[in-house]
Number of protein chains: 2
Amino acid sequence: MSSWVEGAAGSAYDADNLPYGVFVREGEEPRVGVRIGDFVLDLAPIAAAEMLDVHAVFGEPTLNEFLAQGRPVWDSVRTWLVGLVSDETERDLVEPNLVPLDEVELRMPFAVGDYVDFYASLDHASNVGRIFRPDAEPLLPNWRHLPVGYHGRGGTVVPSGTPVVRPSGQRKGDDGPEFGPSTRLDIEAELGFVVGTGTTLGDSVTADAFADHVFGVVGLNDWSARDIQAWEYVPLGPFLGKSFATTVSAWVTPLAAFHHAWVDLPGQEPEPLPYLAPGDTSGLDIDVEVVLNGEVVSRPPYSAMYWSPAQMLAHLTVNGASIRPGDLFASGTISGPAPEQRGSFLELSWGGTEPFGDGRTFLEDGDEVVLRYTAPGTGGGRIALGEVRGRIEPAR
Amino acid sequence: MSSWVEGAAGSAYDADNLPYGVFVREGEEPRVGVRIGDFVLDLAPIAAAEMLDVHAVFGEPTLNEFLAQGRPVWDSVRTWLVGLVSDETERDLVEPNLVPLDEVELRMPFAVGDYVDFYASLDHASNVGRIFRPDAEPLLPNWRHLPVGYHGRGGTVVPSGTPVVRPSGQRKGDDGPEFGPSTRLDIEAELGFVVGTGTTLGDSVTADAFADHVFGVVGLNDWSARDIQAWEYVPLGPFLGKSFATTVSAWVTPLAAFHHAWVDLPGQEPEPLPYLAPGDTSGLDIDVEVVLNGEVVSRPPYSAMYWSPAQMLAHLTVNGASIRPGDLFASGTISGPAPEQRGSFLELSWGGTEPFGDGRTFLEDGDEVVLRYTAPGTGGGRIALGEVRGRIEPAR
């Protein structure tokens, strides 16, 4: 299944990966492309030339029309694409539509509908509990019974590379609340799941229908202002401590690329209620690297997550809430059991009390964070998800 | 400023009101209309005939394109409309485009971007505190310093008249969590504010720019499953207890119609931080009626709200979060100081312990709730906002 495209064979963007994005060439309109090696395959002209029924969706400035097509179309397009980039006889058709990555600008790949963020890592939730409530049980009573989640701001989800302006806000001070730029700006290394096929209000998505509704996966950094969050979050949850920016990868890796990445969950105790399909859903073996100014500071393993993506979607919809193409739900911070596997600076610095790396606690102006993700591919290789990059700009 | 349209003069939908909606006539496409008396004025043909620059936005199936036009266009369109329905000489132009309300179906008036719900009533927040934490201070420490809010689900905001299916979910039981249809289904009588002109990521909207960004007001019922909410909401806030449905009025009343409704806030103690423009923003004198199966069970006064709409928007954006046309933010439950002014069944029945009306605590299948809203208009009259109607269907 190796590609004939120059440089792609054996790389992290070989024919077993093929993530989707939206690209712009200078002077042209944004449209849908697929990454192969260090090229973007321009889908609209090639799909039109091959008279694919769905060719028009690739001329759109977002993936949403393609997302709405559903699993059978996603699968047949993927089969077609794998053939194009694997079969040498397709070279004359494909090669004129390969655009070098450095000649394009990548845009937000999909228009986000509703954005939900979960809290699905046992280690992260336990660490946060220990940091903020050192004398109490680290996990709250509901945590092992349901994937705790909340709605975030869909309109401030931005693509990799977008600068992040340090937010200002209200926080607790010694003499009452004060206002100013956040002093505890943090990251949360997460995965996001992109909804394709929607549902009607009143319906639920059972865990076994996950792949009918979820199109693919993005890397995600849920930037968090801990001082703003700590003061505002009772009793209705995080709001301005999160809503200033959430960065996703410019590439959406289709679910089909994770064929070799599904693994058993670490184990759920006690067994969840039947609607969460206990024992019937799987985790994903995706390795994450948190890179701060060029240095890897953490390696969170997604395989350690407690709740599965299918359980998150089953929970999200069990009350009849409908979903739409472009809805996004994220895992919450990915943390493993070891200290060097923690997916936030809050945990890496243990609430700011134990500096890590070169004496770091929270983010400083000018810092650049890159999240990198890889997963098992075919033939023992690995596929890469799109990176999630962001640099902190000073408060305005 | 009375209208010549039959039945409109002196009614709650006279020329001083003119709310916008989206209507469908049998066999036609949905488009934008304005209510006058018991008619919908079909704007697209009349704006085209008068060669208005913006006429195309009225042929859209949502208000969003019109919302994006901004305050100067909203104001000039309103001036034009008031003239059309007030000036007898316009009768020949207007009359053929008046459609009786009973010949149309009303649709969701705008496509919702992000939906934020606040918690801006002192009496509601205090009542909830007393019900759930009888031995503690009713208000949490942050409440008097910022308008507490959180993101809800934009994709499940539905127009008045949409049936509400009783949600199922997980709740605390005597022997661990259990699953089933909500047994404590409730309403929250609120107002919603509809964003027109958006902002760029990183910018804020100061309180004095409120009218540049907010187009108008809807009635809103934030249906709430108290048993689901009570179990899920720590530490990240309400999620499935709210996300199954939020009903808004089919009519969006433009801000300009509330000229006579602005009033001083009841008073804020202590004075909020400067970014909330203390003393520089106003409340709205809007009367609400909660009608259960035809009987008025409560009359919450919006004038009792602690935080102003302009303060809510200033807070929502102070961290640089951007807003878009179609974003919606709501007040939270409107409750006044008197028992008969409470805007939720939770408060009216004091947590289910003191049945009200005919022995009611929470909603039963088949119940119909209607929220009605009126405000001072011109010449001592009153304008009506669109009603918010919903009937409870049994769990699926």
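Just so you know, glycine gets a Cβ as well, placed from its N, Cα and C.
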Of A:ASP212, A:ASP222, A:ASP280, residue recorded by TrEMBL at the Mg(2+) site of A:LYS242, A:THR246:
A:ASP222
With A:GLU188, A:GLU190, A:ASP222 listed by TrEMBL as Ca(2+)-binding, which of these, A:ASP92, A:ASP102, A:ASP114, A:ASP117, is given for the same site?
A:ASP117
Please report the Cα separation of A:ASP117 (Ca(2+) binding site) and A:THR333 (substrate binding site) in Å, rounded to an integer.
9
Counting every protein chain present, what is the number of Cβ atoms, excluding its own, within 10 Å of the Cβ of A:TYR233 (substrate binding site)?
21
Cβ atoms near A:GLU188 (Ca(2+) binding site) (within 10 Å, other residues, all chains):
26
Across all the protein chains here, work out how many other Cβ atoms are within 10 Å of the Cβ of A:THR333 (substrate binding site).
29
What same-chain residues, at least 6 away in sequence, bring their CB to under 8 Å of the CB of A:GLN229 (substrate binding site)?
A:PRO238, A:GLY241, A:LYS242
Could you tell me which three-state DSSP class A:GLN229 (substrate binding site) falls into?
helix
Taking CB atoms only, which of the binding-site residues A:ARG133, A:GLN229, A:TYR233, A:THR246 fall under 8 A from chain B?
A:TYR233
